[in-house]
Every structure is written in structure tokens, then in C-alpha cells.
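**Student:** Below: one structure in C-alpha cells.
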Amino acid sequence: LNRFDCFVVCTGILEILLVSSNIMSPLGISVLRCIRSLRIFKITRYWTSLNNLVASLLNSVRSIASLLLLLFLFMIIFALLGMQMFGGKFDFEDTEIRRSTFDNFPQSLITVFQILTGEDWNTVMYNGIMAYGGPSSPGMFICIYFVILFVCGNYILLNVFLAIAVDNLAEAENLTSAQKAKAEERKRKKLARVHPDKSEEEKLLLAKKLELKAKGEGIPTTAKLKIDEFESNVNEIKDPYPSADFPGDDEEEEPEIPLSPRPRPLAELQLKEKAVPMPDASSFFIFGPTNKFRVLCHRIVNATTFTNFILLFILLSSISLAAEDPIEPESFRNQILAYFDYVFTAIFTTEIVLKMTTYGAFLHKGSFCRNYFNILDLLVVAVSLVSFGIQSSAISVVKILRVLRVLRPLRAINRAKGLKHVVQCVFVAIKTIGNIVLVTTLLQFMFSCIGVQLFKGMFYSCTDTTKVIQEECKGYFIVAKDGDSTQIELRERIWTHSDFHFDNVLSGMMSLFTISTFEGWPQLLYRAIDSHSEDMGPIYNYRIEIAIFFIIYIILIAFFMMNIFVGFVIVTFQEQGEQEYKNCEQDKN
């Protein structure tokens, strides 16, 4: 990192000297300015987990370089084959100009890369079929070339990036875990010096308390952000003695964990259902822990029949929402469904009241509102009750509240164990991708700065392609109607600006994000290739070498960094499945 800082600073000084002495051309200066955008990565020196992630990415350069070399050789082979098969054959009788062709080697490489990304590849294949006489022999045999190219390139080669991404995440996590282990060892040694008279068990318990108070930093894993943080509606009863003191109880307290490198999927876990214990505190300051009515409510809400009953009415409520007529609110069908809505709301309200009576509202630990999913249930029911209480004069407010009723199907999450664990895994994954989002955003910002230097003010054009400056783009011009030269019409010349451009950094980041989704990126690519200079229209294939910028961006962001997100979700679900399997006898819900 020190060498990197030195490189950035030296290039900045060199740029200042070259600008002041007018030695280098404007293009060279813009390249040096692009290098300055690398400065933003200096923040990784002060963020340990982000530094670990970047270090793991840099350490995988060798594997990425090998994959890129294989990908490049694959593209060269199919580009040369495409030139032999389709060179000069995409010129049909219509007046449409086709950009994705195989007329020369650079253009053939770009077309092959476009097919690998999957964007509009079927149009290129159709043009290839038409070049050989249409969908008949031998035209249909031409599709074999495109199918092999797409399957081998898109389905096989590009998915190797996903494997590299998962490996990088594991390496970054190992770096963070090693640092945490060193910190724990230092903490234990410090506790041994400060409290020499305490036993090992007391030292471990004290270290855990200090760890809970400290703010963790690093790539958070599911070992750190456990599902338990979502389930705080119960009192945890822990054995004060270590399990090693009771060797006869090992089989009852902890299941045998198979020696397998891969954790069991969440769907295969057979978690033991347990009734949620009743808190010792009173409910509504009226019902104590031994109150008969509260004990009855506790039995009801923990009964399997009651849970299935509520699930059934959640399903019926969702069906009624789907059956409403949005066009005629006062229709007879909506009036009937409104009465059903009263019934559903009454049942759900009764459920909330029973649970609040059992566990309390929110003041003590283990109460109803201490659980996120219970708050969601309360919100949905409250919205229904408020919408019934508001008069028709506030019709707009009623509509907004009734729209929130679409949250009702989410109430099933808290009652279906498998679905609940999947949702919790998603939340854990979302909370722990901050470093990946930050690195991707930094790369987007860097490429956007480069794009501004290369393309600012160059995405203007005239509806008459023969005019390249705004002063000439006036009056009317003749155009063939629907490509038929026998039918002509007059059209007004209009000086337009592309919807996606690089006139500023924010617009550049939006354009680059569109490219990373592969949606319509060839149009933006050829717009950049045709770009000439500021405030001037396009010139056909003026800078075809500029395609390197887009290809590098797509490989780095779309192929690699986007797969980092997918890989992290995979790792999260695997770790969470292993964690749930270890704790399958400790159902805290």
C-alpha cells in the first residue's frame, strides 16, 4: 500500500509539471488524471476488514489472470472463425446499419464478447442465419456456432468467476478470523495478568462479557451475527456449569455433528419445537405469571392447532386481497370482501391480544414487541384497524393504509420455521455485504471519473447523421420511410443528447450501472466508439479502441464483483445451515 500511495502521488506531481509546461497532449493528461481516481482506495489502509477483502482480491490476481487468458483465447478462436464464416455477409438489402458484425478482427472480437454477455445475442444469430439463406439448410446449421459460443462462454467460462469470488470471500474471512483469534489470545493473557486468582471458566465468562460490550469490526460472518439477534422475545436459561462436568448428558444436550466439509441445508434441519416460556414479569401490570387466564392464553398461543388456524386465515386474507376489483371499488364483489376483511382483522386482533397477554407488551425482556416479526404483525393489524376507523372524508389516507395490507402474507414468516430461517439468512447477508458494496462503489466511481475524462460532452448527435455540429443541425432532411427508397418524407433536424452519458460523475455512474446489468450496453458502447470531440456529433467507428474501457469494466464489475454478491449469499446460507444444525436442540423461538 505504501508503494501504491507513492505511485499515485508521483503521477499527480508529474501531471502538474506536464500541465504547467504544456509538454503532453490533452489525451495524455486525461490518462494521468484518471490515475488520480485510484487515491480513493487509500482508505483501505484504515479499515481492517475492507483491507482484508481488497488484499484477498489482489491475491487472486493470478487465478483471475489465468481465467482471463483462457477467456481471451476462447474469444480469439471464435472471432477468427466468425470472420471466416460471416465476414462481409451482414449487408442485406435493407438500409439498416448493423454494428454487431464480423467484418474485421477488432469488430469480430467485440461481437463475440457481446454474445458472451448474452445481450441481444439472438439478433446476431438471426443475422448469421439470414446471411446463409434464412431458416433453411444450410442456414439453420449456422446456429450451432452461436449456441456453442454462448453455452461454453456464458454458462461455463463466466461461471468460473463465481468460484473465484467464493474463494476470495473465504480467504478474506480467514484473514479476519485470524486477526480476531490473535486479539482473543491477547485478551486472555491480559485477563490472566489482571485476575490471576480466577478460574479458567470465570476468565472465559468475563472475556465473553467484554466481547459483547466491544464493537466488532470486520467482515461480519454469520458466526458473529447469529439468528438469535432476531429472536429476543424469550428468556435465555443457560447452564452455569460446563457440559464437560456431566459426561453422561452429552448425548441429550448436543446432537452429533457429522464430519462433513459442507453443512446441511436449512431445509433438512429437524428443529425440535418448544413452547416459548412465559416471562416472569406481569402482563399489562394485571396478569401475573401464575394467573389462570394468562396460563390459558399461553397454552392457546403455543398450540399447534392455533398456529395452523392463523396460517389458514393469513392464506384466506391474501386470497381476498388478490380477488378485489381495483377498477370499481364500490362493486358488489368488493363489498362482500369487505365483510370478510372485518372477520380477518378481528381474528388477527384477537391473536395479538392473546400474545400480548401471554408475553406482555414491551417493557420487559421476552415481551411481544421485543421481536421484529411480532412488530410486523402488530403493524399490519394496526393498519387494518386504523383504516376502518378513518372516515370517508380522508379517502386518500384510507387508500394509503389499505395499500399496506399487502404486507399480510409476510405474517406467515413468523409461523413457518423454514421460511423464517431463510428470511433471517437474507437479513444477515444484507447486513454483512457492506464491504463488498463499498468496494464496488469505489470501482464504479473510479471508472466514472475515467469515463468523464474520455467522453464528456461527446454524446450529442443530430437526427440527420450527415451533420456533426450543432450549427449545421437545422432545417429539414429527406429520409426513406420504413427503409423503402420509393417512399420519402421530410423530417426536422434536431440536436439531441443521449439519455446515458458521461458529462458528470453521477451520470457516468448511472451509465456504468446500466452497463453492469448488460441491458442495452452495446448501444452505449457504439455511441462511445463513434464519439469524436466535445459538442460534436458521432463519426462512424472513429475510436474502436475505446471498447477496451467497456470490456475491462464489464469483466471487473459485471463478471467478477457482481458474482461476489452471489458468492456471499451462498457462503452465508452454508454457514447459517451449519450454525442451525449445531443449535438444533436449542430452539429459542
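Positions of Cβ are set from backbone N, Cα and C atoms, glycine also.
Predicted automatically and left uncurated, TrEMBL annotations should be read as such.
Not my notes, these are from TrEMBL:
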- Glu119, Glu519: Ca(2+) binding site (BINDING)
- 247-256: compositional bias 'Acidic residues' (COMPBIAS)
- 2-174: domain 'Ion transport' (DOMAIN)
- 304-580: domain 'Ion transport' (DOMAIN)
- 236-262: region 'Disordered' (REGION)
- 12-35: transmembrane segment (TRANSMEM)
- 67-86: transmembrane segment (TRANSMEM)
- 139-166: transmembrane segment (TRANSMEM)
- 300-322: transmembrane segment (TRANSMEM)
- 342-363: transmembrane segment (TRANSMEM)
- 375-401: transmembrane segment (TRANSMEM)
- 421-447: transmembrane segment (TRANSMEM)
- 546-573: transmembrane segment (TRANSMEM)
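I'd like to know what surrounds each of these features in this structure.
**Tutor:** Same-chain residues at least 6 positions away in sequence with a Cβ under 8 Å from that of Glu519 (Ca(2+) binding site) are, in sequence order, Glu119.
Panel annotation: around the transmembrane segment (67-86), residues 101-105, 108-109, 111-113, 116, 128, 131, 142, 145, 149, 152-153, 157-158, 160-161, 164, 555 of the same chain, lying at least six beyond its termini, place a Cβ under 8 Å from a Cβ of the stretch.
Under 8 Å from some Cβ of the transmembrane segment (139-166) lie the Cβ atoms of residues 60, 63-64, 67, 70-71, 74-75, 78, 81-82, 85, 112, 115-118, 121, 124-125, 128-133, 559-560, 563-564, 566-567, 570-571, all in the same chain and six or more residues away from its ends.
Same-chain residues lying 6 or more positions outside the transmembrane segment (342-363) and placing a CB less than 8 Å from one of its CB atoms are 233, 276, 278-279, 281-284, 287, 293-294, 297-298, 300-301, 310, 313, 316-317, 320, 369-370, 374, 377-378, 380-381, 384-385, 388, 411.
When Cβ-Cβ distances below 8 Å are used as the criterion, the transmembrane segment (546-573) is approached by residues 64, 68, 106, 110, 113, 117, 158, 161-162, 164-166, 168-170, 173, 222, 265-266, 425-426, 428-429, 432-433, 436, 439-440, 443-444, 447, 450-451, 454, 512, 515-518, 521, 524-525, 528-529, 531 of the same chain, each at least six residues removed from its ends.
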**Student:** Restricting attention to the domain 'Ion transport' (304-580), give the mean pLDDT.
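**Tutor:** Averaged over the domain 'Ion transport' (304-580), per-residue pLDDT gives 82.
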